[in-house]
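Student: Quick one: the structure is below, and I'll ask about it shortly.
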Amino acid sequence: MGVEEAIEAGKRISNIPIDMIYTSALIRAQMTAMLAMTQHRRKKVPIVMHDENEQAKAWSQIFSEETKKQCIPVVTAWQLNERMYGELQGLNKQETADKYGKEQVHEWRRSYDIPPPNGESLEMCAERAVAYFKDQSNIGVFQIEPQLQQGKNVMIAAHGNSLRSIIMYLDKLTSQEVISLELSTGIPMLYIVKEEKYIRRGSPAAPTEAGVYAYTK
């Protein structure tokens with residue numbers, strides 16, 4: 001996502017209260033989130049949290065309630081990273097086609113469960129991304145779905161395939177449906193949580209409704 005797209009996306013959600021931000025471990029997703037938040041009207045300060053171990057968690061804590069009100073926790077997670085393409089990474093389209101053939105490359109990119117050499121299939125990407133989204137192992141600290149169940153608003157800045165994977169879970173798509181799902185860059189997607197169901201909405205009906213805000217990359 002370009003700088004201009006990230007800023008424009010931020011303007012689209014500048015009035016929506018955001019309680020938590022989740023990004024992948026990749027710098028481009030983190031930059032997208034930070035650039036978008038420069039446009040937010042509440043002007044809260046994004047603070048990166050750490051959950052690698054207990055010491056990292058302890059050092060991330062803020063003990064002033066007043067300061068907490070001025071901050072938005074940001075959690076980075078490798079599970080939200082883009083699909084790993086293995087031996088295709090670093091190759092452009094022509095180099096990939098020359099080395100493996102166009103038909104084989106198309107099969108890798110458009111299939112659900114066929115990974116490239118030493119890489120991930122979309123199915124493998126979905127397993128880690130959705131598992132992270134649903135994780136209930138440490139409720140109330142960093143996990144996404146528990147935050148939503150508590151009525152919090154969550155923004156996710158990630159990538160095409162990891163977001164497609166999460167959308168597959170939210171919309172209950174089949175593997176065939178998610179393959180054909182196309183996401184536009186720079187367009188925030190909004191889901192609200194109602195009666196433990198995820199409903200895709202163009203904009204929130206009320207500022208108190210919990211939702212998932214996903215930036216596509």
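Heads up, the Cβ atoms here are built off N, Cα and C, so glycines get one too.
No curator has checked TrEMBL annotations; they are predicted automatically.
Feature annotation from TrEMBL assigns substrate binding site to ARG28, GLU82, ARG83, MET84, TYR85, LYS93, ARG109, ARG110, GLY160, ASN161. Look at TrEMBL and you will find HIS159 tagged as site 'Transition state stabilizer'.
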Student: For ARG28 (substrate binding site), list the number of other Cβ atoms lying within 10 Å of its Cβ atom.
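Tutor: I count 14 other Cβ atoms within 10 Å of it.
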Student: Distance between ARG28 (substrate binding site) and HIS159 (site 'Transition state stabilizer') at the Cα atoms, whole Å?
Tutor: 9
Student: Relative to the Cβ position of GLY160 (substrate binding site), how many further Cβ atoms are located within 10 Å?
Tutor: 16
Student: Max CA to CA distance in Å over the substrate-binding set ARG28, GLU82, ARG83, MET84, TYR85, LYS93, ARG109, ARG110, GLY160, ASN161?
Tutor: 24
Student: Please report how many Å separate the Cα atom of HIS159 (site 'Transition state stabilizer') from that of ARG109 (substrate binding site), as a whole number.
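Tutor: The separation of the Cα atoms works out to 15 Å.
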Student: What is the number of other Cβ atoms found within 10 Å of the Cβ of ARG83 (substrate binding site)?
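Tutor: The answer is 23.
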